[in-house]
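Copied over from Swiss-Prot, here are the features:
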type	residues	note
TRANSMEM	40-60	transmembrane segment
TRANSMEM	89-109	transmembrane segment
TRANSMEM	125-145	transmembrane segment
TRANSMEM	147-167	transmembrane segment
TRANSMEM	185-205	transmembrane segment
TRANSMEM	258-278	transmembrane segment
TRANSMEM	283-303	transmembrane segment
TRANSMEM	327-347	transmembrane segment
TRANSMEM	396-416	transmembrane segment
TRANSMEM	425-445	transmembrane segment
TRANSMEM	548-568	transmembrane segment
TRANSMEM	723-743	transmembrane segment
Amino acid sequence: MEQTYQYAWIIPFLPLPVPMLIGVGLLLFPTATKSLRRMWAFQSVLLLSIVMIFSMNLSIHQINSSSVYQYVWSWIINNDFSLEFGYLIDPLTSIMSILITTVGILVLIYSDNYMSHDHGYLRFFAYMSFFSTSMLGLVTSSNLIQIYIFWELVGICSYLLIGFWFTRPVAAKACQKAFVTNRVGDFGLLLGILGFYWITGSFEFRDLFQIFNNLISNNEVNFLFVTLCAVLLFAGAIAKSAQFPLHVWLPDAMEGPTPISALIHAATMVAAGIFLVARLMPLFIVIPHIMNFISLIGIITVFLGATLALAQKDIKRGLAYSTMSQLGYMMLALGMGSYRSALFHLITHAYSKALLFLGSGSVIHSMETLVGYCPKKSQNMVLMGGLTKHVPITKISFLLGTLSLCGIPPLACFWSKDEILNDSWLYSPIFAIIAWSTAGLTAFYMCRIYLLTFEGHLNVHFQNYSGKKNTPFYSISLWGKEGSKISNKNFRLVTLLKMKNGRLSFFSNKVYKIDENVRNMIQPFLSIPHFGNTKTYSYPYESDNTMLFPILILIIFTLFIGFLGIPFNQDGVNLDILSKWLTPSINLLHKNSNNSIDWYEFCKDAVFSVSIASFGIFIAFFLYKPVYSSFQNLDLINSFVKTGPKRIFYDKIKNAIYDWSYNRGYIDAFYETFLTGGMRKLAKFAHFFDRRIIDGIPNGAGLMSFFVAEVIKSVGGGRISSYLFFYFSYVSICLLSYYFFNL
C-alpha cells in the first residue's frame, strides 16, 4: 500500500509523452507522423487508461483506510524562503482523478471518429493529452504554487481547444473572450495566494490550514484583510467555473469541437473551480462571511443560468447554460458547508453532462450530412426535430441524460441534486425556494432541448418549421418567432426566424473550412461490429460505432453512479460508499449525522422534488410538443390561441422572457458597452495623449528650434559679416538687459 502511494507522483506525467512526441514528430518527421496519426489516438487512450487503473487502486485504498498521503521535495531553501513541490493523495484527489480519467478516455475514443476528417487531428489529440496532464497535476498538487502553475496550464489548454478552429473568426473571438475573462479571476487568485503567504508564511496546505487556524483562534489577524484575500482566492474559482459575474465566456466556448465541450463541462476546466473551493474549504469555514458570499454567488448562478437557457436555439449553448446552473448548485452546496453533496453532484453531473454533449455531437454530426459544415445550421434546434427514427441510440441516450439532469429517479443527478435541495432548507428558506424553483426550470429547458431536437418532423425538409401552415400556437413553441420557407432541394436556409428587433436573421452561406479541412473519413482505431452507415443520406443517420461506444458506457454511468452516494446505513448494512470515501468530511449542516437517512423523510422530499421536475417537463411538453400532436384537440390549447387582454399580457411576459434569455440577460451587452467600450475609449485617449502631449512637447521644441534657425539663416544671407553683426548685436542686447535689470 505504501508503495502504491510512493509512485502516485507519476499520475500527471503518464499522458505527457503523447503531446511531446507529436510535437517533435511534426517538427522532424511530419509526413510519417501524419501517416501514423491513428497510433497517437491509441497511445493517448492507453496511457490515460493506465492512469485510471492506478487511480482506482488509490481510491480503493482511500475507501478502506481513509488515509491521506503527502510527499514533498524541497526545491528552493534559504533562511527567509523555502519552496517545495510534491503531491497530495486524499479522498478529493482520488475522486477527481477517477472522474478526469474515465470521462477523458471516453471523450478520446469518441474524438477518434468525430475528428477523423480534420487536418488538425494530431493537434487535437496533443492538446487533449496535455489537458489531461494539466488537470491531473492540478488535483494532485500539495501547495498553492503548484495549484497556480497547473491552473494556468489548464487554462492554456482550454483556450487552445476553444479556438481550435482559429480560422473561423467567431472561434478566435471566443478564445480571446475566455482568455480575458479568466485573466480577471486568475489575477485575483494570484493575489489571494500571495496574501495568505504573507499571513502564514507557507504555501503547503497542511501548514497553511494549521497556522491560519492558530492565528484565528488567537485573534492575531486582520479579518478585513483576510476576508479580502479569501474573496480573491474565490475569484479564481468564479472565473474558472463560470459563476456570475464571470460566466460570459462559457457559452462562447462552444465554438470548439464538441468532444472538448464535453470534457470541459464534465471533468476539467469548469470542475477546477469547484475543486479549488473544496480543497480550500478548511480555510474558508473559519473566515466570517466568506461562506455566505460563496453560497450567494452560487444561488445567483443557479437561477441566472437556468433563465438564460430557456430560449437558446443552439443545442450546445443550451447545454452550456445548463452546466452553468448546475455548477451554481455545487457552489451553493459548498457555501452551505455541505461538502459531500457538492462533490456528489460534481460526480453525477459529470457523467450526465458528458452523455448529453456527446449525444449532441452525434446529432450535429448527423445534421452535417444535410446542411454541411456550418455550426449556425447544424447546431440549430429549429432545423432539427423528428430525429427519433433516424438516430434511435442517440435519442435514447440523450433522453436518459435529460431525465437525469431533470432529477428523475433513479438516474444519477436525482440523488445528488435532491440532497442539495434538502440541505438548502436548513441553510436559508429564501435560497431553498430559489433552488427548488430552478429545479423546475431545469426540467423545462432540458425537456425543451430534447423535444425540439428529437420529436416532431425534420424541420429542415419543410417549408415551415411545423410542416404545416403557421399557427399562433406553434409560434409559442418558438417564442413568437415565425418560421420561413426553405428553398430548393439543397436545403439552403434563406431566412430562419424573425427577431424581436424587426430585422431578419440570415444564416451565412459561407461555410468555414476547418483548418484546410477535407473529409478523408479515415477509419477509427476502435472497431465494434455495428450496423454501418456507408451511404450518402438525405436524412440524418446514426453515428458510427466508435462514437456510440462511449455514449453507451456513459449511459451505464448515468444509470448507476448515483447509487455511489445513497446514504443507506441501517441494520448493519453500509452501502454509502461516498461517505466512507470522504471520511472525515466537512458538513456544517449535519454535524452529528451518522450518514444514514430517515426513509420516510427522504421519500417525502423526493416526491416533492420529482413533482416540481415533472411539472417543468409537462409545461415543456405542452409548449413544445408539435402542433400536429394529440394536444391540438384539447380545448386548453384553444384558450391559449384566442386573442384578448390575457393573451396580450401572456405574450408580453413570454417575449420579455425570450428577450432576457436570447440576449443573455443583457450582461454581455453591458460588458461590451461599459467595460470593453470604455477600455477602448481609454486606450484611444491614452494613444492621443502619448502621441500629441508626451511626444508633442519634445517634438514641438525641436520644430521651434528648426524654424528659428531657418529664420536666422535667411536673415543672415549666408555672409560672415552679417553673422558677426547679428552675433555682436545679440550680445550687446543681453549685456544691456543684464545691466539694467541689476541696477
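Just so you know, the numbers here start at 1 and follow the chain as drawn.
Here the Cβ of each residue, glycine as well, is placed from N, Cα and C on the backbone.
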Seg_contact(the transmembrane segment (283-303), the transmembrane segment (425-445)) with at least 3 CB pairs under 8 angstroms, min sep 6:
yes
Among 40-60, 185-205, 258-278, 548-568, point out the range having the most Cβ pairs under 8 angstroms from the transmembrane segment (147-167).
258-278
Where among 125-145, 185-205, 425-445, 548-568 do we find the most Cβ pairs under 8 Å to the transmembrane segment (258-278)?
125-145
Which sequence-distant residues neighbour the transmembrane segment (548-568)? Criterion: at least 6 residues beyond either end, Cβ under 8 Å.
102, 106-107, 109-110, 340, 344, 347-348, 351-352, 354-355, 358-359, 362, 393-394, 396-397, 400-401, 404, 410-416, 419, 526, 528, 530, 542, 574-579, 595-597
